[in-house]
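Chemist: What follows is a single structure, and I will ask about it in a moment.
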Amino acid sequence: MMFHSLGLLYLFLYVTLAEDCIDRPCVECRHYIKQDDPCLHHGTKPMLFCDPQTNLIQESSTNFLECVQNRWVLRECVTGTIYESGRGCVDPTIQPFMQGFSVSGSGRVGDVCQYNTDCLSGMYCATGLCSCLSTYILRESYCYEKVNPNQPGCTYDVQCEAVWPGSKCRMDSSIGTCRCPEETHVARETRDGWVCISLRDLSSGGTAPLYFVCALPEGAGFKISLNDPSPSMGAFPVGCTVGSSATIEPVQGLHGGGACMWPSDGEYIGDVYDCIHTSPHINLAEKFPQSNYAPTADGVCCPSRALACIQPQLTGPNPSEPRWWYNSVTGTCQQFMWDSGATEAKYHSPNNFKTIQHCESYCRDTCQRGSPQYSTESAVHSERPITSCAASVSCANDFQCTAIGSQHLCCPTPGSVCSAKGGRPYDIQPRTSIHHPGFMVYTGKESIRFYYDPGTGRCQDFVYKGAGGNYNNFLSKHECEMYCARLQCERGSPLRIGEEAQRCQNNAQCPSSHECKADQGVCCPRKQTICAQPLRIGDCTENVKRYWYNARTRQCQMFEYTGCQGNDNNFDSIMDCQNFCKNAIPEPKCIQGQAYKDMFGNFVTCSNGMGCPANYECYFDGSQWGCCPTKAFTCSLNTDSGIQCGAGSTFKYYYNPQTQNCESFQYNGCDGNSNNFANRDACESYCSVGGCPNGGTPLRDHSGMVMVCGAQQTSCPDSHECIPVLVGNSLINRCCPTRAYMCGLPPQQGTQCGANYVQRYYFNIVTSQCTSFQFGGCDGNANNFLNIQQCRNFCMSNACPAGNVAYVDPNSQMPINCNEALSNSCPSGYACTFNPLINNHVCCGATDSGVCPEAEKAFIDTIDMSPRECLINIEQSCPANYLCRFNMQKNKYYCCSSITGKTCPVGKFLYKDLRTSQPIRCTIGRNDQCPDGFTCQSYLANAFQGFCCTANSVCPDNADYLIDDQSQQPRACTQGTFVSCPNGYACRSLTSSADGFCCKSGTGALPPSVTDGCPPNEYVYLVQGEIAQCDPFNPPNAPCPSEFTCQWSLSNQRYQCCGSNPAPTPQRPSDGCPNAQIAFRDADAVRVCSAGAANCPAGYFCQFSSSNNQFQCCGVSGGCPEESVAFVGMSGEPEKCVVGQSNCPRGFACQKSLAGHHVCCTVRKVACESNEVIIEGECHAQVGPGSECLANEQCTGGSVCEDAKCECRPPLKAVGGFCQEEIQCSSNQVLHNGLCHNKAKLGEACLTVRQCQENSGCIEGSCECKKGFIEKAGKCMTPVEKKSAVSSKSINNGVTCSKPGWNPLIDEEHERPKHCSPIGKACPNGYECQINNRRTQYLCCAPDMSMSSTVSIPSLPPPSTTTTERIMTTKKANLKVCPTGRTPYLLNGAPQKCTISRCPAGYECTYRNNGYHCCSMANKPGLTVAGTTGSVVSKSTPSPDQEKCPRGNPLIYPSTSSPVLCQPGKRGCPVGFGCVQSSTSNNHICCPSRHSDRPGYQSESFGLGAYYSRGPPAAINPCEGYLVLVTRGVNGRIEKRCERSCPFPQIPIGGVCYELKNKAT
């Protein structure tokens, strides 16, 4: 029985603890209910589980536990419902547990909230959800206030148990009151509220009166009562008088007559020890007469709440019982194991609680350190903490109002605690030391504690005697520093140099991350610094719920703090975190240096490159934008040692712009500028030390010295190249890394030195593509780029010379591949270069980039594709062969170079240094920079810089000179020698000396031979490439042009025109090809081609045109006549030939050039027939699918030339000489002659009998009944069937009119009698509404005309009438469905019936000829069409001008002159027309679907000539669908056929192919 009772108690505690586990760490709550655990009564409980992501106990929303046969069984709610405690599975859409929108004051625990007012009393809004305040307890989604023992106001036991374990809510006083556990505890009153005193000794289990019992630890409280070791006390506990406030003993020699005092020296300790009634209540002097107790002594001195909560954790020698203690450092309650049977007092501490709720209520829900300010009452134990300081009461000195849960207490200030007072206003005992050593108790022991010395600002250690003292008493130095740091800084710890706080008098003595707190003289961290610190959970083993500010998300988040080694971004509550870090802007992480701050120390946020000051650029670090220093600014700054922060200093590196090297300097630890690098490599890599054009640093040897390379020095490895770099004012050859080496490095993640890893890109040599990777921010390598475009620019251009980049497609942003075998396959200024990294050719070069003069290119930075800037007053600021040019528009200097390599003015020679073979740059106007005979010159006017060039021209008339291959100097020669200069050059001199230079003998594009026969320095006059002859004796017959004279030529033995200047060459119109090249034209249009594809005629090559921005066919003129081009042989020159002896390639002929030579030129274009096309200069006939071919131009009908045969590409097939899709007709169509035609009704037009119905045929273009059949109700039937049908309709299963001899009106649409209503006129003329013979319905009835002799029979056409006239007359009769002068509404060419649907506006339902049809309204003004008789047009009917076909003209209804409307998918248009949407409206009209060349096409084809007409046939698209009409010559005759496309160079106009002719021709 006893075991069963204990089991019930254990199960009760088990369940009670489980309800409080939610949102607690998993290690703190292991005893929640699980599946298969025992249970007592049937019911349900929420299922709790440990969330592995948060490591917290959570409640399942869809699962729960049900007690079945004394075991908990796991259950699951049905889909769409959630489990709610006390209600079971509920539908959240009917009664939502989580409110989507908060209503003020209506939120329960867990409901969504925005403000505290959205939640009920006792709650606050935490992280968007309503939560209980710390002084309230959760119960069934509501918060109830915790109630102290012996206090009223409880509703549930949990309100009492949260304050003291085992307490219950009793209703013995008609109101719920919390009572201590009966029989085992008694209630005792203190200033902090009532406590429950245990009367049982846990170590022995006895219940004998112990008298001197304290509340804590429960079960061993009698072991911690104060005992003065003085012999006068006789080993009795220190007594007191309950309620007394006396600070001095009333009777000398006796003790316990007042408040708590230490007997040995009389020190008042009543503010740190509570005087509690003995248990049971006795008078100590009477109970213990041998003692020195005063007569009024009736209490025992026990540690106050504030003193108990800062005591250490004591476990005892054999810990076995789980208990909780309050960690004043972390502000949380933590579990430990305790030895309840330990007999010695040194193993017990008042900081010992049975439950976590008791621990939190006792220690957490009060002041952090020290006792609160109490009210003044007559009895001390009746005093209570002041809880309304924020509203009506102000706190006394040394106290500050602090919010704790739902209360506001006056708590000791950190300044009071961290001082000599130690948070004790009544510490009246004088002493010489700042710390209070306490006093030695009978059973206590000494220990080392720490106190804060406000004079030194440091925490010092002292020996604590074990009892008493004050609150400037900390268990560890860390705890002391954490608490008392608030005395110096509002938040965070002061900056320290070793153990001492760094002193300051103003902000200039603190780093920018801190500010000087003048009253304390220390550097405190700024809000920006604290809130930007990363999450640091510490290195200890505790699990404390704290909050930190996530600068990236700008939100406060919870984390588990381990208890030590954290940082300042650590807050006790989410409210503290939010209030302090509100609107804090995180620090952007720059590549180098610190982001820019405003005058208030806040980081400046920019966007889209805007908002940064000079020398700063807008940079995105992966999570935010900030202003970071530019590379040029960083590398130009002087060294800055920064500000002292912390102990010691270090050595860093900076870039010295004067020496252009990285040098070390001593750094004080904080601030400085961005020219600050951790090591030499980082400095050299960032500032590109050594001038390596591709970036990177020069190669160093094993000793760390930079290697020098060259012809006589060490050679560079394959990964580097020997390049002259600028060092100071001189050039030194150094080994610089190649771009291929840099792009071949593996991706290096590096080390994290920023807030987060950032995305970077590297070149993957396996895929030859740029790929992303995560970079830590430091210690990377050269294969690291900010974005994918930088990666492509740098690595795709690795084969290009320095300053040149690969030409990029503006659309794809990828380099364009070129063909090295094709000349000029790259844009102007670019050369086709092989890139081994991507195993392809790219176009390398550069343009002026909008910053360089015309015909010059800029030095392009391959990283960002930007032109390099330079400084005009700094030597060697541009690479070799580049000059510093000024751009007026941008007001900046840029490095520029000639695209063609031109350096000096025309006729001048460039001087090169004999040692480096590099040109000497100079400043124009200075005479001390060039050697003798050379001056500083430039081929550009008004230039600031140039090169050293010869002072005088090399050749006369500034002619070009020949450069010797060996000396790279102008070739010297002597006039009159046999061989001195090669062909095209002549030995000339500026002086009378015979020594001269080889100068070009002709200028411009004219060949050298044009000077033959004329005196020196004169040129012959040419006419169409031939030397023009003249007659000096008869000038009018053979004159010379002006500036030319007729002279005798000794070499040619004739008179010819000679002049000092060559005749101007007629300029050809620009066609986009390079100079001396001609574009191939198709019908006066330049032929466009594809690079690398053989789609240019013979003699032409596919080259890129910069002016036309396209690839086009260009050929070398070579002096060929007219528009022909020369054949270029293996030598790269036009192939020369001899007429009649040399064989030119196919398509070429040996012709005389303008220079007088004979070269292979393309033959002239031949005129081909209309059915032929030119292929490789020859005419070839056009052929259809299945025929042999040479090129696509030959193939017709939409076919293409594949494997020398015209073929149709799938899914098209050859049908009648055309490529068409396989025709699939719908169920209401038939296939005829390759076209789908709608099935026709009787009287409708047809082309084949298959369109007509049963028993009918296509007779002269119309479906008519065959011989022996007559038409009835749209069908062909025999006369017997007609009579039978009429009879059946009349009888209609025996239903007839009530009058004999009367027949009902039959609805032809539904083949049933027409019903009517006897009220009103519901039947047509000639009919009356009668009830049927069965007396069930009313029918429209009329007399049987077949029985009357007065019935008028319509007259038939005379026998002489032709069949066609008979058909047309019948159709006219069929269309006479409206009264005279009124027009029917046509739908798909037929009058619309109104037996089912309503008529459109302007028409009314009218009966005529046994049917109801929509007819135009009679006598409506404005509806009669002028010029027509009885023709009415609806106002809504579109006019021909309003409705238009996509091709051709619409089918017109003559009576209304309007297009015929149709409905797609229902009733189609006549044969030859299709129902398509108008191109000008949403209506569907009948448009032509095929072509006919016959005039009068409408009458013969459709049989509808009297009612349908068409516009001019020429305006109609002659072919169906996408086909066009092509005119060709076949076997000597002209044929017109429909094909897929027009032959080149014709274009389609209105569906017909025409060849546009040039007006000039």
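Cβ coordinates come from backbone N, Cα and C, glycine included.
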Chemist: Look at the disulfide annotations in Swiss-Prot and name the partner of Cys581 from this list: Cys531, Cys628, Cys635.
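Modeler: Swiss-Prot annotates a disulfide bond between Cys581 and Cys531.
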Chemist: Let me make sure I read this right: Swiss-Prot says Cys753 forms a disulphide bond with another cysteine. Which one, out of Cys735, Cys736, Cys770, Cys778?
Modeler: Cys778
Chemist: The disulfide recorded in Swiss-Prot for Cys564 goes to which of Cys524, Cys540, Cys590?
Modeler: Cys540
Chemist: Cys670 has a disulfide partner in Swiss-Prot; which of Cys635, Cys645, Cys709 is it?
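Modeler: When Swiss-Prot is consulted, Cys670 turns out to be bridged to Cys645.
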Chemist: Where Cys333 (disulfide bond) and Cys363 (disulfide bond) are concerned, what is their Cα separation in Å, rounded?
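Modeler: So the alpha carbons of Cys333 (disulfide bond) and Cys363 (disulfide bond) sit roughly 9 Å from each other.
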Chemist: Any idea what the model's mean pLDDT is for the domain 'BPTI/Kunitz inhibitor 5' (743-795)?
Modeler: 87
Chemist: Where the distance is taken from Cα to Cα, which of the disulfide-bonded residues Cys480, Cys564, Cys795 turns out closest to Cys753 (disulfide bond)?
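Modeler: Going through Cys480, Cys564, Cys795 one by one, the Cα closest to that of Cys753 (disulfide bond) is Cys564.
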Chemist: Measure from the Cα of Cys363 (disulfide bond) to the Cα of every one of the disulfide-bonded residues Cys480, Cys531, Cys581, Cys683, Cys743, then give the nearest.
Modeler: Cys480
Chemist: Rank the disulfide-bonded residues Cys480, Cys753 by how many other Cβ atoms lie within 10 Å of each Cβ and give me the one with the fewest.
Modeler: Cys753
Chemist: Closest of the disulfide-bonded residues to Cys687 (disulfide bond), Cα to Cα, picking from Cys359, Cys531, Cys577, Cys795?
Modeler: Cys795
Chemist: Please count the residues of the domain 'BPTI/Kunitz inhibitor 1' (309-363) that DSSP assigns to helix (H, G, I), strand (E, B) and coil.
Modeler: 11 helix, 15 strand, 29 coil
Chemist: Does Cys581 (disulfide bond) have same-chain partners at least 6 apart in sequence with Cβ under 8 Å from its own Cβ, and which are they?
Modeler: Lys527, Ile530, Cys531, Tyr549, Cys556
Chemist: Far apart in sequence but close in space: which same-chain residues, 6 or more away, have a Cβ under 8 Å from Cys540 (disulfide bond)?
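Modeler: Sequence-distant Cβ neighbours: Thr562, Gly563, Cys564, Gln565.
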Chemist: Please report the number of other Cβ atoms within 10 Å of the Cβ of Cys363 (disulfide bond).
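Modeler: Result for Cys363 (disulfide bond): 25 other Cβ atoms within 10 Å.
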Chemist: Please report how many Å separate the Cα atom of Cys635 (disulfide bond) from that of Cys359 (disulfide bond), as a whole number.
Modeler: 60
Chemist: Which number gives the other C-beta atoms within 10 angstroms of the C-beta of Cys791 (disulfide bond), all protein chains shown included?
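Modeler: A count of 24.
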Chemist: In Å, rounded, how far does the Cα of Cys480 (disulfide bond) sit from the Cα of Cys577 (disulfide bond)?
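Modeler: Between the alpha carbons of Cys480 (disulfide bond) and Cys577 (disulfide bond) there are 22 Å.
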